[in-house]
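Feature annotations, reproduced from TrEMBL:
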type	residues	note
ACT_SITE	CYS273	active site
ACT_SITE	HIS330	active site
ACT_SITE	ASP353	active site
BINDING	ASN393, ASP395, GLU442, GLU447	Ca(2+) binding site
DOMAIN	265-356	domain 'Transglutaminase-like'
Amino acid sequence: MTHSNSCSLIIDVDVRSRENNSVHRTKEINPQHLIVRRGQSFSVTLQLSTSLPPKHHLELVLHLGEDEVVIKLQKERGAGDKWWFHQQGAQDEILLTLHSPADAIIGQYRLAVLVMSPDGRILEKMDKTRFHLLFNPWCKDDVVYLPDESQLQEYVMNEDGTIYMGSWDYIRSIPWNYGQFDDDVMDICFEVLDNSKEALRNSKMDTERRSDPVYVGRMITAMVNSNGDRGVLTGRWTEPYSDGVAPYRWTGSVPILRQWSKAGVRAVKYGQCWVFAGVACTMLRCLGIPTRLITNYSSAHDVDGNLSLDFLLDENLRSIDSRDSSWNFHCWVESWMKRDDLPKGNDGWQVLDPTPQELSDGEFCCGPCPVTAIKEGNLAVKYDAPFVFAEVNADITYWMVQKNGQRKKVKVDQSSVGRNISTKSVFGDHREDVTLHYKYPEGSRKEREVFEKAGQPFPKPTNESTEPGQLQLSIKHAQPVFGTDFDVVVEVKNEGGRDAVAQLTMLATAVTYNSLHRGECERQTTTVTVPAHTVHKEMLRLQYDEYARCASEHHLIRMKAFLEAPGENEPIMTMADIPLSTPELHIQIPGRPVAWEPVTAFISFTNPLPVPLRGGVFTVEGSGLLSAAQIHVKGVISPGQKVSEKLSFSPMRSGVRKLLVDFDSDRLKDVKGVATVIVRKNYRNSFSVLPGFY
């Protein structure tokens, strides 16, 4: 209730959002609304119609949620864990400086200013003032405190990122627009938290627990996926995606969050691991928790927790359904925080995985799990350490199931899981390898100790020594381009002292990045004779017409080679994943872009396939540049034809920005391009009031 009659003492409360937001590093979110960080003071100005009468005083009260939490501010500094304020000023203007504790609840607060009589009655109340409070990684008393400014600029403030994909030996990347400071994003982040099962079940308890980044992080991993709650994204790993947006078409988090909110908190279709991780990274950075997106190559999904993935093949080398799976890559996020709920040594980066895989305490969420606990094998630590440990450490055993149902072990792979664990560097658009944060070097004494501590028998090395007559198998390939015919070479090496005759089967199948089989492209079985101490090469040609019929949107071919020789105890098998590269889009932005003035971008793309493309569409987005937009290509794009499109927009914020473009069509999907745009400040417009921007 606000008094507006002529005898009101309080005329207005000026929240000084421009000054406060600038000091609290939130002006990018919205300079018009007060947004501050905990553990750091901020000031508001009280306009009075006359000076405060003698012996009268002011009281400040904060309300959170639907009045579930009410906090009366102390007049002077008390214990460090309480809100307090002090006032200065004279006559008709009072400056109120508010101090929040470094463990305050994050969320939207309502501030009530009360004028109190000498005998303690409320004479007047002004309670229209609202502000948001966020985590503060710049404050040394906040559990998310990160002392390195260059890391803060990347892991909290950077709205653009790079997500690593492909396979461990052919790493590719896509740009991603986190857009954590775009219009509405902060409000949607709190809307997501408000729709969690915990918030709907007990709103007061949920509000009180939002002071803890462990709790908030866990809620976000549960709510980014829609399994079992009102979450943001529905996962789907096989076509068709026709009733939604295919996962590979997204280039950023903002359209997903806005669509979820606008649709009345209905799940957006569809996401896969990098999309879930991208949205989680946006939300965590927005709320002030330093966060980075991680890619683990050859990531194990160990369902039964025995640290071993068992893959079954029939006698034709076709995979038999297995609950365990190995993903070419898997993305999660790491968030930086102290873990006061755990023994010493567990602070720092924490794994949070929003992709719905396994239930954790009855919910589809994973983490936070300390990265140090994974490296040291402390699997009793909360949350979900055994699952994460297996993702980077499991063995893979391949079994052939014979017609009589008996299993024959054909390959044990102890070193391929958890490779080249990657994140974007703080110092630019290149890759930083963080594998040694998760595990000791392969084969080291420390690695053996960790396995023993984790309660797992250390894998005994398989017999790699080459006895006389023993054959070795390897697959060689170039880096082929999707749309071309290419050769794969299988080498059979005989290091024994006598000639060998063996049957060699080569099989090429199309798979998705998480190892779902899409069909057989090519198969060849031959009898090979390999003289002693020589290498025999066998070639398999893969033609576009053959593999295009079954290739997934991930453009991935899995090659298996299987060798059976009389006299050898066990058959030999080897595998290689061959990613097919796609062309890049070209983006040109001539001139010197200035905020709020029109800019034209030229986007071009040449069809590399020997077939025409139909239904071509460019999706364009960029934080601070423009909202997501689509450009439909008219007609058919013939083989070799170049398509050029023109896009005009007016950048909304100055600074270094990224323009992201995706191209999709019926035959060619997931073609990406990115351009860096340096937007200069517009001094003519800099003082006009434009809601949500500066």
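Each residue, glycine too, has its Cβ placed from N, Cα and C.
On a predicted model such as this, the values are computed, not experimentally measured, just so you know.
Other Cβ atoms within 10 Å of the Cβ of ASN393 (Ca(2+) binding site), summed over all protein chains shown, number 23. Among the recorded positions ASP353, ASP395, GLU442, GLU447, the residue whose Cβ has the fewest other Cβ atoms within 10 Å is GLU442.
Taking Cβ-Cβ distances under 8 Å and a sequence separation of 6 or more, the neighbours of CYS273 (active site) in its chain are TRP327, PHE329, HIS330, CYS331, TRP332, THR355, ASN514. ASP353 (active site) is 17 Å away from ASN393 (Ca(2+) binding site) when you measure Cα to Cα. With DSSP classes pooled into helix, strand and coil, the tally for the domain 'Transglutaminase-like' (265-356) is 15 helix, 41 strand, 36 coil.
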